[in-house]
Amino acid sequence: MNGRGSVSAWCIDHPVATLLLTFALVLLGVIAFPRLPIAPLPEAEFPTIQVTAQLPGASPETMASSVATPLEVQFSAIPGMTQMTSSSALGSTNLTLQFTLNKSIDTAAQEVQAAINTAAGRLPADLPSLPTWRKVNPADSPVLILSVSSSLIPGTELSDVTETILARQLSQIEGVGQVFITGQQRPAIRVQAAPEKLAALGLTLADIRLAVQQTSLNLAKGALYGKDSISTLSSNDQLFKPQDYAQLIVSYKNGAPVQLKDVARVVAGSENAYVKAWSGDQQGVNIAIFRQPGANIVDTVDRIQRELPRLQEMLPASVDVSVLNDRTRTIRASLHEVEMTLMIAVLLVVAVMALFLRQLSATLIVSAVLGVSLIASFAMMYLFGFSLNNLTLVAIVVAVGFVVDDAIVVVENIHRHLEAGQGMREAAIKGSGEIGFTVVSISFSLVAAFIPLLFMGGVVGRLFKEFALTATATILISVVVSLTLAPTLAALFMRAPTHHPHQKPGFGERLLASYERGLRKALAHQRLMLGVFGLTLALAVVGYILIPKGFFPVQDTAFALGTTEAAADISYPDMVEKHLELAKIVGADPAVLAFSHSVGVSGSNQTIANGRFWISLKPRSERDVSVSEFIDRLRPKLAKVPGIVLYLRAGQDINLSSGPSRSQYQYVLKSNDGELLNTWTQRLTEKLRSNPAFRDMSNDLQLGGSVTHIDIDRSAAARFGLTTADVDQALYDAFGQRQISEYQTEVNQYKVILELDAQQRGKAESLAYFYLRSPLTSEMVPLSALAKVSAPRMGPLSISHDGMFPAANLSFNLAPGVALGDAVRMLDQAKNEIGMPASIIGSFQGAAQAFQSSLANQPWLILAALVAVYIILGVLYESFVHPLTIISTLPSAGIGALLLLWMMGQDFSIMALIGVVLLIGIVKKNGILLVDFALQAQREQGLTSHEAIYEACITRFRPIIMTTLAALLGALPLMLGFGVGAELRQPLGIAVVGGLLVSQMLTLFTTPVIYLQLERLFHRRHPAPAAPAPALHK
């Protein structure tokens, strides 16, 4: 095999063409790099639709039974839906529909709208509007959160300018998708009726409602079509100011008009009187800005930042717009750290080359192959539609060690021929020709290890698809460049090394001499080596079973989210007061850069007893704690505020929760018996609270709400010609913040709200002044003649459903050092210990659910990678036996990865699993280098298997050490875990470094022994005069 007629030989004979084609490859990469979108992680579209229905004043029970249930019945028939949950509270129902990953979100949206239309006939007639839906992606987070605050103008005016000016202008910026306002107090006109005045005049709230509805309209009026012109008709049918409404005539009594101001106060207020938000210590609102799918996050945020000064000028002078959280701050820092990690890895690898090759030209050739392969990979990423993100850049960092493997093997073999006295061109042709099959074997079997990653299911599979394809593309490019550019440059510039007679042996020579002595001992004690191999295999299996399992490491994104929970019957003023106490504690922490908080029903917050906190932390270099340590530091301080709890969790780039959550992980219980469910949910919650492994354990039942029950006497009502519907309508007019009309301006629509005055609407005693008019006698009938008002009793603030069953959601964080896998086991154990009935079904949601799915698939993923590598090697070597020799290198890598993860306090997370899959591809390289040379020596030189494997070990020792060190040093910066985002990358680096260290120490001695044993076994059963030639050599 002299290499003539190969691709390498053609390139050596055509250096200009080779260099120009290489330049073209580099040029494509340089052009593609700035055009790659930037993101924290690969796109992971998670088809989800949220449906919202509003019926102000309706109880949670009413919303659940008359709104949520009819919608759920229709939604359940939509194909491809994997989960349907709902939460009903006072006046609102939110439903979340999740679909299979291959379901088109646009198709799902059409089917949801059709289901809403079908359900419309079964929804309450007084629903102000049909339920609305919006597409969401739980895996995505706002790219920018703005705080809009003012100390001078009212909250309603602030909310109005935020909605009509700021939010609309922001939504028009390129790359911006959805824009949401939280803590909003939309302006409205509130009609606050005095029940005693109405009763004295023989009027009811229905009279006010009808008067407003009939005298403030905005209807079509037509036009005058004259002979010479057309004139559009308009009128003053709309009212816009409280004083205009106050002049409305409600009725006539004794020939005199009764104006609205005679029986009610008409004031400018907010659409929802029970919501408020602050930016720091000033009143304000938040704007959460999402990007469009596929948009470059950094470019989008930069455009928004450039527009903010112009938008600020459009607002009143007292309004201040500030950035609460800029997601690109950590994205930029994290990507910068990965880029620095890449540079360090490249420098370390080049240093290894220089140490072993001891020749500048050889080192530069390997460096050139490395640079070309990495730069060209950007062109492939652009072609695939990938982004520059933490995972694709980590793939390139890890690939540094793989890429130089090919170049090292080629250059080292050419170097060996030059040392033997051959000329530059002849050494390049022969050296590259001999090693071509080995390079292909190494790379193809490495790529085979990535194949299972491409078939991983769920969101995790989508995240790692870009990782696997980026690494695969980089490796395949390196194969081409190593077999074309490397021999061409070697033929042009690489000269035989000069040896001085008194030159001391280099580091490589001394290391080889030590290895040779150890190898002789290993081959002399083959049973011992087989025992060592068996022990490592057993330890790897036991280690995998015992090591704590986790999902993704908790990232430090410099952002924390909080949910507050107070007593279910807390008043709105008390909730505001307690929130302000919590805000003082949060704002006093030195790690906090900015924060905002809100109370009341707004956005995902459905009850007055809950609120939200958004906390942005200073850059990691400016604070002494991580975000998790910050939360731990605040927890005891926040606990001193009585009557309220603030549950905090770290903001994550990987967010798999379909809705708002108090904590990082969720567990759902459901049953068809609501009372039984409530009982056992409380028991399980208390049981888990007693376990120190769980932090911030809570549930969303909130059963302590106050319910004032009105028992209607239907017979008594009928005597006055009244019905239950009349009573309900009257109560709704009084206490439901009923939207009775609206008025439109050029920029927005606003509501007119009917309610009792502030002195009456908060007291049960006000029902004593409550009158209805009898349609039979026109007399005013007190409510006390028709119904009895009971003392307040407890009831739920919200009602949850999961798949149409009553459900309760448990949320929890984990104590430091507790793996998610252990928490799953302890939760199941707690259910058994308290004897939870089988009729109550429990399941994890969000990240915990994805973890369970990935945990079940882990062994299959590793097995699939092994099978794929075995098949590729079997095809290349035309042998069932030799791939086993090569794969025998893997158990030692597994035990090394698990051991170092355990020593560094890391659980076996998804990132660590990816590291193990990478090891399957990396470590078997040692076996390929040895087996390939041994087979060649047996076939061409007639050596015995013992002589051949011994010669292979000595000859290939230097490239084995060099390639292993290159891969190890390429992963070392990842393992050291410095900079922003290091917690995500570190487990992968630890697994790779640990696996390479242990496998390198053992496989150089165990692999030759296993080769001999398998050769002896194979030839004993199938005698053959010579070993088979590899398939690619035939």
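Cβ from N, Cα, C; glycine included.
For reference, TrEMBL has these:
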type     : residues : note
TRANSMEM : 340-357  : transmembrane segment
TRANSMEM : 364-385  : transmembrane segment
DOMAIN   : 373-492  : domain 'SSD'
TRANSMEM : 391-414  : transmembrane segment
TRANSMEM : 435-455  : transmembrane segment
TRANSMEM : 467-494  : transmembrane segment
TRANSMEM : 528-547  : transmembrane segment
TRANSMEM : 860-877  : transmembrane segment
TRANSMEM : 884-904  : transmembrane segment
TRANSMEM : 910-935  : transmembrane segment
TRANSMEM : 960-982  : transmembrane segment
TRANSMEM : 988-1012 : transmembrane segment
Completion exercise
Sequence-distant contacts of the transmembrane segment (860-877), meaning Cβ under 8 Å and at least 6 residues beyond its ends, amount to 437, 440-441, 444-445, 447-449, 451-453, 455-456, 883-884, 886-887, 890, 913, 916-917, 920-921, 924, 928, 931, 935, 1028, 1030-1032
Practice task
With pairs restricted to those 6 or more apart in sequence, evaluate whether the transmembrane segment (435-455) and the transmembrane segment (988-1012) have 3+ C-beta pairs under 8 Å.
Solution key: no
Problem - Folded-back contacts onto the transmembrane segment (528-547), same chain, C-beta under 8 angstroms, at least six residues removed - result: 522, 888, 891-892, 894-895, 898-899, 901-902, 907-908, 1002, 1005-1006, 1009-1010, 1013
Problem - Positions whose Cβ lies under 8 angstroms from the transmembrane segment (884-904), at least six residues beyond its ends - result: 445, 533, 536-537, 539-540, 543-544, 547, 866, 869-870, 873, 912, 915-916, 919-920, 922-924, 926-928, 931, 987, 990-999, 1001-1003, 1006-1007, 1010-1011, 1014
Problem - Beyond the flanks of the transmembrane segment (988-1012) by 6 or more, those residues with Cβ under 8 Å of it - result: 394, 398, 515, 518-519, 522-523, 526, 529-530, 532-533, 536, 884-885, 888-890, 892-901, 904, 906, 911-912, 914-916, 918-919, 922-923, 926-927, 930-931, 934, 945-946, 949-950, 952-953, 957, 960-961, 964, 967-968, 971-977
Handout entry: Distal contacts, the transmembrane segment (910-935) - CB-CB under 8 A, six or more residues away
Key = 398, 401-402, 405, 409, 437-438, 441-442, 445-450, 452-453, 460, 464, 467, 471, 550-553, 854, 858, 861-862, 865-866, 869, 873, 877, 882, 885-890, 892-894, 897, 901, 945, 948-949, 951-953, 955-956, 959-960, 963-964, 967, 971, 984-992, 995-996, 999-1000, 1003-1004, 1007-1008, 1011, 1027-1030
Practice task
Note the mean pLDDT of the domain 'SSD' (373-492), expressed as a whole number.
Solution key: 83
